[in-house]
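K.L.:
Let me give you the structure first, and then I'll get to my questions.
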Amino acid sequence: MNAVLVVNSGSSSIKYQVIDERSGDRLAQGLVERIGERGAGRVVYRSAAGEAVTEQDIPDHSAGFAAIVEEFRAAGTPIDSLGIVAVGHRVVHGGSDFIAPTMIDDAVAQRILDLAELAPLHNPGHYAAIVAARAVFPDLPHVAVFDTAFHQTMPESAYTYALDRGLAAEHGIRRYGFHGISHQVVSRRAATHLDRPLESLRQIVLHLGNGASVCAIDGGRSVDTSMGLTPLEGLVMGTRSGNIDAGAILHLLRRGVSIDDVDRELNKRAGFLGMTGSNDFRDVRAAAAAGDEAATLAIDVYVHRARHYLGAYLAVLGGADTVVFTAGLGENGPDLRALICAGFEWCGLRLDQAKNEAPGSGARVISADDSEITVLVVPADEEAEIAQQSIALVASS
Ligand code: ADP
């Protein structure tokens, strides 16, 4: 059996899954959270054998991995009995350096840390987890799979901000895009589901989760995406504003709001949360249905922004063969999907109301049979994709 330990780490958490590469089955999964909070650490382990939740002091990521290994041992399935052949690390920011999954050595790990300049909330945690995991599993290959890599095929015109060239170069300011693992796997699965070659398709993928982005994909290559230098740009999200006039930020700064507060307002207190008091679309939907005007407006703003991108990417791609919805709201929001797609009949996009509203969990078509653009819902399974990309790299090197 070939299994991959997929690690998704943050500054204070490690989420992991052990995935059987061939079947995609989860052999075990869990998380360690509140790393570095004195006496508050929490370790969760789940497998077919059962679930264990323990509270313990986890001072750093090394202690986190030690706790994970101990949970496997206590469950009677030591981690080295699972046939793990690689560790796949999800890394949010690969800058312009990493255009594909990359075998991690000391230099690659250091470069991931250096890129913390562009992703201060993410890359330091990735680095800490990589160092700790390499120490705990020194004999396994460790692979970094980047959220930015898929978008490195964007043309210069799509990734360049209209700034002074020297300033942009000095500070690494350009659009990178994120959610690349999801956009890549979802567009590939859509092609497989339709039994059409990926290379022949112009696709628009809407990843609508807590974080959200849209991607224009031409023949399997990302040519434009809504997130930019950071995951703040683009769509309205659970707690992020998405697009906002940079002048509004200057205005807040000039009025004495601190940089940290502006950061918090835009990244953690905006979006659905800022407009309605909840970041969860289920709450927003229920409030709107009960006549709450702020919730109704928030949905209107969300849909308006998403439709902007749908229209823009129809222009970028010269039309589209598929429009694909994925992630929490994309998979579970038939009402949102209908609102976003409404009025696009002029370009041959017609939803089938019954198909759109029918419950389902797998990849499925929700457009009418006579729709020129095929609309699909495709679940995102980013961890399985990280496992596959990690194994493929290990096998080829
Ligand atoms: P993340 O970006 O954190 O991975 P997900 O893709 O899991 O998030 O999306 C989470 C969001 O999806 C929730 O906050 C919620 O707004 C939305 N969501 C999840 N389930 C449903 C549902 N049944 N109906 C509507 N929205 C849902």
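Think of each number as a place in line: the chain as shown, counted from 1.
Note: Cβ is positioned from N, Cα and C throughout, glycine not excepted.
As annotated in TrEMBL:
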- Asn8, Glu382: Mg(2+) binding site (BINDING)
- Lys15, His207, Leu208, Gly209, Asn210, Gly211, Asp280, Phe281, Arg282, Gly328, Leu329, Gly330, Glu331, Asn332: ATP binding site (BINDING)
- Arg90: substrate binding site (BINDING)
- Asp147: active site, proton donor/acceptor (ACT_SITE)
- His179: site 'Transition state stabilizer' (SITE)
- Arg240: site 'Transition state stabilizer' (SITE)
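I would like each feature placed in context: is it buried or exposed, what are its neighbours, and how far apart are things?
P.N.:
Other Cβ atoms within 10 Å of the Cβ of Asn8 (Mg(2+) binding site), summed over all protein chains shown, number 21.
Shown in sequence order, Gly238, Phe272 are the residues of the chain, 6+ apart in sequence, with a C-beta less than 8 angstroms from the C-beta of Asp280 (ATP binding site).
There are 21 other Cβ atoms within 10 Å of the Cβ belonging to Arg90 (substrate binding site).
The Cβ of Asp147 (active site, proton donor/acceptor) lies under 8 Å from the Cβ of Arg90, Val91, Val92, His93, Gly94, Phe178, His179, Gly180, Ile181, each of which sits 6+ residues away along the same chain.
For the recorded site, His179 (site 'Transition state stabilizer'), the DSSP three-state label reads coil.
Annotation for Arg240 (site 'Transition state stabilizer'): same-chain Cβ neighbours under 8 Å, separated by at least 6 residues, are Gly211, Pro231, Leu232, Leu266, Asn267, Lys268, Ala270, Gly271.
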K.L.:
If the criterion is a C-beta within less than 6 angstroms of any ligand 1 atom, which of the recorded positions Arg90, Asp147, Asn210 pass it? List them in sequence order.
P.N.:
Asn210
K.L.:
Out of Glu331, Glu382, which has the highest number of nearby Cβ atoms, where nearby means within 10 Å of its Cβ, if these are the binding-site residues?
P.N.:
Glu382
K.L.:
Could you give the Cα-Cα distance between Lys15 (ATP binding site) and Asn8 (Mg(2+) binding site), in whole Å?
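P.N.:
With distance taken Cα to Cα, Asn8 (Mg(2+) binding site) is 5 Å from Lys15 (ATP binding site).
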K.L.:
Could you measure the widest C-alpha to C-alpha distance across Lys15, His207, Leu208, Gly209, Asn210, Gly211, Asp280, Phe281, Arg282, Gly328, Leu329, Gly330, Glu331, Asn332, the residues recorded as binding ATP, and give it to a whole number of angstrom?
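P.N.:
With Lys15, His207, Leu208, Gly209, Asn210, Gly211, Asp280, Phe281, Arg282, Gly328, Leu329, Gly330, Glu331, Asn332 as the binding residues for ATP, the largest Cα distance is 25 Å.
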